[in-house]
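Some features that TrEMBL has for this protein:
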DOMAIN    23-288  domain 'NADH:quinone oxidoreductase/Mrp antiporter transmembrane'
DOMAIN    290-342  domain 'NADH dehydrogenase subunit 2 C-terminal'
TRANSMEM  7-27  transmembrane segment
TRANSMEM  96-115  transmembrane segment
TRANSMEM  152-171  transmembrane segment
TRANSMEM  178-196  transmembrane segment
TRANSMEM  202-219  transmembrane segment
TRANSMEM  240-261  transmembrane segment
TRANSMEM  281-304  transmembrane segment
TRANSMEM  324-345  transmembrane segment
């Protein structure tokens, strides 16, 4: 792709995100979401492969439907209450339609079908944008309207997302699809706490974006797309693969790592809200995700020879890795000791 065109699309992406997260009026928020959708489409389909074109088409149709529902819910609310302000979403039907629309934009269950397919068809760098930046505006809208949304509906959708993200990821061999189901599973953790402590939703999203960025950047450096090729990359960049192992364990939410922090705070908050049953259920369902994270971690570093893969060993590269990967990897692993400071901020 032409570098100037890529720059225009990236700037449009940032513009759309900024417009949505800073707006108070539903029309400007909707316009920002549309700019976002239109600017990511060329980045998904830039390889001109049939799979990439299919992914872009699926993404466009889903996001267009979700944007239409956002506009419809805001118009219904304005019709009944006379308010276009995002925080004044009070009509029950409008809130229900808005919840469905944002769930469709994010890829939460039961509107999750498009996300693994789109991520599988997109390049790794675009997959990183789809998993992180593109989820930020819809989560901001949820944050601004959380007081009006139905907590029982959000809890049901959250538990279903965590369950389905775990179950569907178990049988995958394509790494991008595994990361897509991982994203669906994490959205469950974000949604379940939204009605009770929305700042924890944002904290969970920030840390998830940090850890996912590290994994995508590492995979982009080693040029890995499948589990079978991941088993041979330790010869190429041993230290980077060791960091990938730790980041995957952090994304799984194992205690000494950064990823344990949001899960710990969310379980604590759910217990305070007399939702111990929901906390227990979502914790047990996240163990399904732990299985495929461990599978990825095993393939990344623990498969030393002799093993049965028929892939050639890759050449050891002496090209230094990006400092961005180093910083994000360290942050993805070692933020737990400063959790008191993070919890006071949030």
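Using the three backbone atoms N, Cα and C, a Cβ is placed for every residue, glycine included.
Through the fold, the transmembrane segment (178-196) approaches residues 106-109, 112, 115-116, 119-120, 127, 131, 135, 139, 142-143, 146, 149, 151, 154-155, 157-166, 168-169, 172, 204-205, 208, 212, 215-216, 251, 262-263, 266, 269-270, 273, 278, 282, 285-286, 288-289, 292-293, 296 of its own chain, all at least 6 residues removed from its boundaries and within a Cβ separation under 8 Å. Per-residue pLDDT, averaged along the domain 'NADH dehydrogenase subunit 2 C-terminal' (290-342), amounts to 76 for this model. Among residues of the same chain six or more beyond the transmembrane segment (96-115), those with a C-beta under 8 A of the stretch's C-beta atoms are 33, 58-59, 62-63, 65-67, 69-70, 72-74, 76, 89, 130, 135, 138-139, 141-142, 145, 149-150, 153-154, 157-158, 160-161, 163-165, 180, 183-184, 187-188, 191.
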